[in-house]
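*Asks:* Pulled the feature table from TrEMBL, pasting it below:
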- 13-110: domain 'Peptidase M50' (DOMAIN)
- 51-76: transmembrane segment (TRANSMEM)
- 88-112: transmembrane segment (TRANSMEM)
- 127-149: transmembrane segment (TRANSMEM)
- 180-205: transmembrane segment (TRANSMEM)
- 246-279: repeat 'TPR' (REPEAT)
- 280-313: repeat 'TPR' (REPEAT)
- 314-347: repeat 'TPR' (REPEAT)
- 348-381: repeat 'TPR' (REPEAT)
- 382-415: repeat 'TPR' (REPEAT)
- 416-449: repeat 'TPR' (REPEAT)
Amino acid sequence: MWLVGIIVCFGWIFSLCLHEFGHAIVAYWGGDTSVKSKGYLTFNPLKYTDPGYSLVLPVLFLLMGGIGLPGGAVYINQHKLRNRWWQSAVSAAGPSANILIALVLAILLGIFTDDNLLNVERLNSELFWASSLAFLVYLQIFAAIFNLLPMPGLDGYGIIEPWLSEHVQAKFNGYRKYSLLVLIGLFWFVPAFNYFIFNFVSLVTSTLNVPESLVSNGSAVFREPINKAIALVILVGLGLGLNTPENKAIQQGKKSIEQQQYQAAIDSFDRAIQIRPDGAEAWLQKGYCLWQLELFDRASECYRKVIAIDEDNEYAYLGLGVNLLNIEKYPEAIFYLEKLIKLDPKHSDAYYYLGLAHQRSQNLVFADEALSKALSLAPKRLDVLQAKATLMHDIENYEAAITTYQKIVEIDPNNAPVHYDLACCYALQGQSDLAISHLERALALKPEQLKEHARIDPDFDLLRKNLIFKNLIA
């Protein structure tokens with residue numbers, strides 16, 4: 001029955017990776033494209049902010065008591081997500097991944113098990129694999145329910161957090177570091193809480209037609225000494241694999257990035273580089289930190305190092321292209337962004353920044369082509385829509401600019417600068433009523449900042465004699 005330990009441990013590790021991947025892919029769809037440059041979409045556990053917390057700790061809890069404790073180590077830039085709905089969706093994606101795995105395993109059990117075989121005498125021999133899968137279903141349901149509890153630090157709280165006031169968020173976030181200890185205390189010292197959670201998990205598992213006898217047998221067999229020993233070996237192997245001096249320095253650097261302590265992160269990545277100068281990951285992360293500190297020349301050199309080590313590293317080409325764009329080296333930026341597109345013809349970021357580089361080089365036809373391609377790949381990306389609308393405004397194609405700005409308003413109706421830009425386009429077309437309507441909306445959202453600008457903006461010259469316009473900017 002030693003195979004039970006292997007099936008359960010590796011199945012559980014796979015589910016932990018899928019849980020983190022779920023957060024990352026939804027964040028990417030929602031606007032935080034930085035998760036791609038951080039490697040979160042590669043399904044590589046070593047790319048997580050803290051593989052120890054995301055992998056080792058959950059396996060340890062599984063070994064200690066068969067508890068499906070979820071991990072949590074993907075850092076999301078919340079401010080890059082389009083709106084609160086996306087913030088909630090990112091948090092919900094992790095538990096959803098656990099539920100998806102539970103459903104798939106339950107379906108497989110239903111297909112490949114025969115009710116006539118499910119008897120106690122044969123469980124331990126012929127159906128060890130079914131017991132393993134049933135126990136994994138139970139663990140997935142436990143992880144989903146546990147993680148949906150509305151406690152700071154868990155995904156359940158992450159779902160509702162965007163809808164709370166800043167005052168309430170600040171108050172709850174102060175307790176975030178104690179949440180895990182509180183929950184462990186509830187399981188150990190509050191029998192009613194323990195009873196409710198485990199019975200609810202059992203109820204959901206039974207609803208999926210997973211026999212309780214299989215779950216119980218899988219749990220019992222997993223606790224046998226041989227399987228505990230296997231789990232311990234896997235745990236030690238994970239710990240040793242993740243705790244090399246190089247990887248330890250990289251993980252410390254990633255923690256510093258999470259806290260936006262970029263210089264401390266650079267120091268950590270420098271230690272990793274001293275250990276292994278040809279390690280692409282450390283150079284890549286150092287480049288990202290220098291980028292955040294707006295040290296674009298130094299960041300560019302880091303990305304060049306990565307490309308020299310790994311000529312197919314898409315993240316390095318993107319980082320190098322963007323940093324060259326920031327220091328106005330447009331031809332070189334275009335060169336590297338086009339190389340990225342050859343590696344990945346569907347890379348919306350590459351087309352977006354390529355469009356910006358062409359626009360700033362006054363290659364407006366090429367800029368339009370690149371931004372149009374970016375929009376075909378990501379039709380609702382606000383930054384791409386904004387760039388496209390600005391380009392259309394600059395080339396005096398006001399109809400196209402208005403159409404694009406209206407798409408932004410559909411996604412983000414309270415975007416004051418976009419309402420202002422719409423007012424400008426309508427004013428330039430002589431459509432005073434629509435211009436004033438959008439200007440009123442813009443000033444209602446950001447009165448002081450935009451009012452001062454409207455007073456001197458030449459786009460409104462045709463409205464200078466309009467009494468309503470005069471009153472608006474007075």
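Yeah, the Cβs are placed from backbone N, Cα and C, and that goes for glycine too.
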*Asks:* Would you mind listing the long-range same-chain contacts of the repeat 'TPR' (280-313), meaning Cβ under 8 Å and 6+ residues beyond its ends?
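*Replies:* For the repeat 'TPR' (280-313), the nonlocal Cβ contacts are 37-39, 246, 249-250, 253-254, 257, 260, 262-263, 265-266, 269-270, 272-273, 319-320, 322-324, 326-327, 343.
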*Asks:* Is it possible to list how many residues within the repeat 'TPR' (348-381) are helical, extended or coil according to DSSP?
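*Replies:* Per-class counts: 27 helix, 0 strand, 7 coil.
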*Asks:* For the repeat 'TPR' (382-415), what are the DSSP-based totals of helix, strand and coil residues?
*Replies:* 27 helix, 0 strand, 7 coil
*Asks:* With DSSP helix as H/G/I and strand as E/B, how many residues of the repeat 'TPR' (314-347) fall in helix, strand and coil?
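*Replies:* Secondary-structure composition of the repeat 'TPR' (314-347): 27 helix, 0 strand, 7 coil.
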